[in-house]
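If you check TrEMBL, you get these features:
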| type | residues | note |
| --- | --- | --- |
| DOMAIN | 17-342 | domain 'Kinesin motor' |
| BINDING | Gly101, Pro102, Thr103, Gly104, Ala105, Gly106, Lys107, Thr108 | ATP binding site |
| REGION | 358-401 | region 'Disordered' |
| COILED | 423-457 | coiled coil |
| REGION | 463-487 | region 'Disordered' |
| COMPBIAS | 471-487 | compositional bias 'Polar residues' |
Amino acid sequence: MAQRVATADGGNKKTSRVRVAVRLRPYMGKLDEKNEGLCVRGLDSQNLEIINWRNATETVKYHFDVFHGEQTTQQEVFLSSVKPVLPHILNGQNASVFAYGPTGAGKTHTMLGSSEQPGVIPRAVREVFKLVKAKDEGEGWEYSIGMSYLEIYNEKVLDLLSPGSQDLPIREDKDKNILIPGLTHTTISSFSDFDKHFIPASLNRTTASTKLNQRSSRSHAILLIKVVRTQRALSHRQQTGKLYLVDLAGSEDNRRTGNQGIRLKESGAINLSLFTLSKVVDSLNSATAVRVPYRDSKLTRLLQDSLGGSAHSVMITNIAPEYKYYFDTFTALNFAAKSKLIVNKPFTRETVAVPVLPVKRARDDHEAGGSDSEPHKKKQKEKGREMNDSSHPAHLNSLSEPSVMDRLIALEKLMMSCQDKDRSSMLKDVAQSRKEIQELKEKQREFENKALLLSRLAGEKLSTKQEPDFKNNTAPLQRKQSIASKPNKQRAVVQPLQVSQLQPLQQLAVVKKQSVCVKKKKLSGHVELPDGKENIMESSWESQLDTSVLEQSRKKILQLLNSGSLKELKSLQQIGDKKAKLILGWREIHGDFTQLEDLGKVEGMTEKRFSSFMKANILSAMGK
């Protein structure tokens, strides 16, 4: 199981904001038909402005971490935006770099580049190998680097390293890490080895031509670089860091791209996944959001660690300067401004490899050899049959095998033999192993006592049933008494349960209801009460109930209001989906309810609704 460990080289940083860089593509082609020219321009290394579409004489200004102008090279983009997050991978942390923007804005060029101008992906992989090579061998760590490459095409996860693969599922392990079973993971030892696998896999990615882009990406591509470093010392600590390099497909306006048929279906899937991505960002920035919709799209499911997760994230937003891309550029800048507010919580993923100890065998197995082995096995089988015939639960003692105890003790010794700086992080595991040992011992004692009791009972039954067995053989006509035996079974089994558990509550509820009805009849016989006094009689229903039962019901309702989930709150009477969400929101802002009367402070809960809510839930609790 992965542990969260604070490292000395920057790993103890609790939060990390998503860094946003904006890159402006150079102007391509002639001026627009309306001679409107450029719609966006940069002011300095961090600021830019775009024309306000409501008023052409005004501009809207944006501030980001980095702004790359039209003349910025691939090397400058990598050095200023991507390179600072790469050292975290070697320390067991995750990092993510993804390109976002409309179609034709230069995302694939930024991530892949060309042979003359390589992009972020080849430069980042080359830098990872340089960092591993620069590590001193005297540190006592061994490094292993692997890669996986996939695409999300029409909401299907496809393995680019294995072109014939089908749609792969997305899973989450017990440590909340996102996994893809069946995805190819290839170990690489050098950059040339990476190039040998990456270039053919890139050709497997789905692309097509549209009116706005001759080679438009029709899928989201994700490259995963996994770095595992293992300590050579006895504790064998292992730290795993992952680098996600994501080239997102661009949002498309089908009126301008001219998509039809398959292209139209592809653009619909792309726009839907990007819309879900924007909903995730809005939910992360909203203080009142109850749920972040990561699972609504496979793209957001895979980017769960990058947005609001535990990765050092960098988003490179690509925009186009032409006025025909104005609304796409304006939307992309707004999305980038919202993404800049997201805060992640990185931590180091570290595991300790536990050596597997051999299982100890019995002395008889070591002493017996050759020709004596088969008769010895037969004797053991016969002994096992005798034990099963005498007492069935005797086999439960095998749950507490000595090998399990030995492994737990060896694990405790191994943890205690670590260096002083590691002992503080292992104390929890040591305490847990001790508890497991105690539980195993107690279970073994319980099993032994049960086996002895059952063996004694079996012996007594055998001694008492010997004589009746002969008598029953001479009286087969006793089957006629089966009709009369049925009511006896009902009296012995069913009726005591009904009397002991259900009858007191039913009597209590019936008596109280009758007393209330009698009082109303007597009063109505003498004087006609106005509406106000009749309401007072209805509101005094609590005084007619047993105080202990009433107090117990109020405590249960208060406990459910303070600790219940959305589904559990909806199980209450007169509480729907809207009211349950309002209760959760009030609880997150003000804390737990100190008393049931605090429920009246929730929006929409009037005094009359509160009284009817209490009456319905307490009476329903008594009726159960």
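Glycine is no exception: its Cβ is also placed from the backbone N, Cα and C atoms.
Keep in mind the model is a prediction, meaning the values are calculated, not measured.
Structural mapping of features recorded in TrEMBL.
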residue: Gly101; record: ATP binding site; Cβ within 10 Å: 29
residue: Pro102; record: ATP binding site; Cβ within 10 Å: 23
residue: Thr103; record: ATP binding site; Cβ within 10 Å: 22
residue: Gly104; record: ATP binding site; Cβ within 10 Å: 23
residue: Ala105; record: ATP binding site; Cβ within 10 Å: 27
residue: Gly106; record: ATP binding site; Cβ within 10 Å: 20
residue: Lys107; record: ATP binding site; Cβ within 10 Å: 26
residue: Thr108; record: ATP binding site; Cβ within 10 Å: 23
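Along the domain 'Kinesin motor' (17-342), the predicted structure has mean pLDDT 88.
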